[in-house]
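Engineer: TrEMBL lists these features:
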type     : residues : note
DOMAIN   : 1-408    : domain 'Major facilitator superfamily (MFS) profile'
TRANSMEM : 20-38    : transmembrane segment
TRANSMEM : 50-73    : transmembrane segment
TRANSMEM : 79-97    : transmembrane segment
TRANSMEM : 117-137  : transmembrane segment
TRANSMEM : 143-164  : transmembrane segment
TRANSMEM : 228-250  : transmembrane segment
TRANSMEM : 262-285  : transmembrane segment
TRANSMEM : 297-315  : transmembrane segment
TRANSMEM : 321-345  : transmembrane segment
TRANSMEM : 357-379  : transmembrane segment
TRANSMEM : 385-403  : transmembrane segment
């Protein structure tokens, strides 16, 4: 919805498309900060209430921006939404990893399915906009309707999460709520645990404070390469997606005929056939290839497809559509979700939200770059812009080739005690 509404926001509020893209990118800047604060929110309020906080901010921001009377209102609402998004994502992946356990290879598949869910939601956006357009709603008002409908979906998700996703047993234990942790283990996993008598309230309080200081651990000798790999994969995939994927209707409008209807229809088809299938296939192939190799292969195919688009985009619209579909497919099957999967599976529970939040925050820089610079580059160079964009996945490919860390199946949960001991020093 961000990419679709950019030019209409610029026209309605009398600003340049570049400034409109910058205002829209404020959601990513706020999400960057929210990601860095996510671990504090989780530690303070617990998983269940933090889920409500994150999604409530997203919902309120989306509902309010739909009736924005000026660009400053849009800016404030985007910032509110960004904080919610930044808090929400580390929570979601951490909840999946805790439910599965880090040593299970199925954990990687479960975590990485978020990429398929992303493309399902993106396809739904276009399928919502298309009938609204055909019903006679003015083009420049579609972004408002689309964002408001997104807020309605957010309320539904918030209710479902509160009902079906309970509290984290690990969080309850770390903050000294041992009876609650035992109760969660019994109800969710059938494990009948008991509280050791020697545990003191002082130890519990120290445990809660230690979690707040985990960022330095991400760059010690053990975790440095893991952190760099996860951050680079996440950042480069975000850059390439926010250039091609977010602005897919804009790109297709410049390649295909049929106006906005054709662009929205083409975007829905590309996302459904290539994005959803890529995310699903990639999640199941992951157990065979691993996160690093699968990211590397995805990056190299996207690089080649972007170079081909730069050379051939104006020769045949169907060839261009096929190449864009290939980019979306191999992005979704490859690095699209794996930056966050690598971050989720590379750290023990005590610093996992910190690691995911940090990777997500750094990833936002790539998303911001793609969101702001791609419309400018496209406006100046048209299809030649694809040549420059090809540098982004190439950097991701080189990084995956050089850093040989594979988190899939690694028993990082066993490192938790050592990490907590290091944080005490």
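Placed from the backbone N, Cα and C atoms, the Cβ positions cover glycine too.
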Engineer: Which residues, given as numbers and ranges, are at least 6 beyond the ends of the transmembrane segment (117-137) yet have a Cβ under 8 Å from it?
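Structural biologist: For the transmembrane segment (117-137), the sequence-distant neighbours (Cβ-Cβ under 8 Å, at least 6 residues beyond its ends) are 1, 4, 145-146, 149-150, 153, 245, 249, 260-261, 264-265, 267-268, 271-272, 275-276, 278-279, 328, 332, 336-337.
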Engineer: In this predicted model, what is the average pLDDT of the domain 'Major facilitator superfamily (MFS) profile' (1-408)?
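Structural biologist: The answer is 82, the mean pLDDT of the model over that range.
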Engineer: Please indicate, using numbers and ranges, the residues of the same chain that are 6 or more beyond the transmembrane segment (20-38) and have a C-beta under 8 Å from a C-beta there.
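Structural biologist: Residues 2, 5-7, 9-10, 13, 50, 54, 71, 74-75, 78-87, 89-91, 353, 356-358, 360-362, 364-365, 367-368, 371-372, 375-376 contact the transmembrane segment (20-38) from elsewhere in the chain.
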